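According to TrEMBL, the protein has these features:
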DOMAIN    176-454  domain 'SAM-dependent MTase RsmB/NOP-type'
BINDING   Ser266, Ala267, Ala268, Pro269, Gly270, Gly271, Lys272, Asp290, Asp317, Asp335  S-adenosyl-L-methionine binding site
ACT_SITE  Cys388  active site, nucleophile
Amino acid sequence: MKLRPAASAREAALQVIYRVTEEGAFASLALDEVLQASNLEGRDRTLATELAYSAIKAWQTLDWALGLFLKHPLAKLPPWIRCLLRLGGVQLMYLPRIPARAAIYETVELAKKYGHRGTVGLVNGVLRHLDRRKDDLPYPDPGNDPAGYLSLRYYHPRWLVEKWLAQFGYEETEALCRADNEPALMVIRTNTLKTTVAGLAARLQDEGATVRPARYAPEGLIVEGLGAVKASPSFREGLFYVQDEGSQLVGHALKPEPGSIVIDASAAPGGKTTHLAQLMVNRGTILACDVHPSRLELIKENCRRLGVTCVRAVLADARELGQRYPEVADYLLIDAPCSGLGVLRRRPDARWRKELAGTWEMARLQLEILLGARRALKPDGVLVYSTCSLAPEENQEVIRQFLDRAREFSLVSLEPWLPVLPADLEVPARQGWVQYLPQRHGTDGFFIARLKREENRGF
């Protein structure tokens, strides 16, 4: 439905919450649409974003808490009233710097615009009850129902919490859920084709940002206070690319030699592709493949901005690369499509779009890509497989199945290729794979494996 232009930050947030929770829109797209239609600027845009994203992230828990103070199920209320309650509830429960009185008053004022006299009273009453009881809500007992407790306390789907409890145990799962709810740091990759890490840091400081080195990625910088990235002169000049450390480490795991031929099987939007070009000093050839023409344009656009000249954008299905380019590549990167369970902190609505079956569907596709693309690699060539998932069925299990069916490949140590290894990853790195975790390493969740095709073993 077409929405009226939002007149305030809270009205903008309400409209975004409605578009996502009631109409199924993607949060980032809904936010862009609502803000573009409004005349909001600066702080109001920032507040609208925070309110909307916080409510969407905590959607399940907010609905549970609000339902405690309703005579009838929340689902029976008009959609706009549900969303008003979510907007007011998130301020009361999770944004303590906003005075409760202001949160309730402003939400009630919006209820006058989006509801009627009866719903205005309902919104006022429910929010006042929630404010009085918010510190004493009847969460499940963590001893008797750990999944129920963690799911509601940290607003993650129950199936996902159960999965992580089986994989990581209670303490690690709680830490992971907490990490998912923290804002992700802004990490950038220095474009060493145009500048140095020190030179970029100085430039960004001149632009008013606070800068410090990343922990694991040598070209990485952690940046605060930069403002709108695309407005930065350093960005426009192609001096950096926004890329998390976990993603940057994929390029180092492959580390192609200058002058070599590289195939990036699923390259868009081009972050890892352009990093590989840096490592190759723009010498050689990178075939950057994707199945969507529009996404190839993103690769080309990023290459132009960053001054990358060794990349050819190719429309291709990763599963068919072996037939199309038999034994062409010295290096093969398969950054596979995945469930994205390692990057939930970056997308407020992502956790509510995932399903358990989705990880197994992704795993089947990932294995198909590995098996179909492997023939593009020359004998003695190197293959790196990566995902931004935490699910073993998409990571270690896919590699195990691949090695069972592609006997010419074997895992090889990552230790020489990753510049700084956390202590807990030293052993798996020597075995040929690593799993970075948000709660342990502060990065996005990334799995990386390095494999080599044996020179004298055919398919």
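Here the Cβ of each residue, glycine as well, is placed from N, Cα and C on the backbone.
Annotations in TrEMBL come from automatic prediction, not curation.
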Between the recorded positions Ala268, Cys388, whose Cβ has more other Cβ atoms within 10 Å than any of the rest?
Cys388
Could you give the mean pLDDT over the domain 'SAM-dependent MTase RsmB/NOP-type' (176-454), rounded to a whole number?
97
Using DSSP and collapsing to three states, where does Ala268 (S-adenosyl-L-methionine binding site) fall: helix, strand or coil?
coil
Could you tell me the maximum Cα-Cα distance in Å between the residues recorded as binding S-adenosyl-L-methionine, namely Ser266, Ala267, Ala268, Pro269, Gly270, Gly271, Lys272, Asp290, Asp317, Asp335, rounded to a whole number?
19
I'd like the Cβ neighbour count for Gly270 (S-adenosyl-L-methionine binding site), meaning other Cβ atoms within 10 Å of its Cβ, all protein chains included.
28
What are the non-local neighbours of Ser266 (S-adenosyl-L-methionine binding site), defined as same-chain residues 6+ apart in sequence with CB under 8 A from its CB?
Cys289, Asp290, Ala318, Ile334, Asp335, Ala336, Pro337, Ile369
Are there residues of the same chain, six or more positions away from Lys272 (S-adenosyl-L-methionine binding site), whose CB falls under 8 angstroms from its CB, and which are they?
Ser247, Val250, Gly251, Asp264, Leu333, Asp335
Look up Asp317 (S-adenosyl-L-methionine binding site) in the DSSP assignment and reduce it to helix, strand or coil.
coil
What Cα-Cα separation, expressed in whole Å, is found between the residue listed as 'active site, nucleophile' and Gly270 (S-adenosyl-L-methionine binding site)?
15
Identify, in sequence order, the residues in the chain of Asp317 (S-adenosyl-L-methionine binding site) that are 6 or more apart from it along the sequence and have a CB within less than 8 Å of its CB; answer 'none' if there are none.
Val291
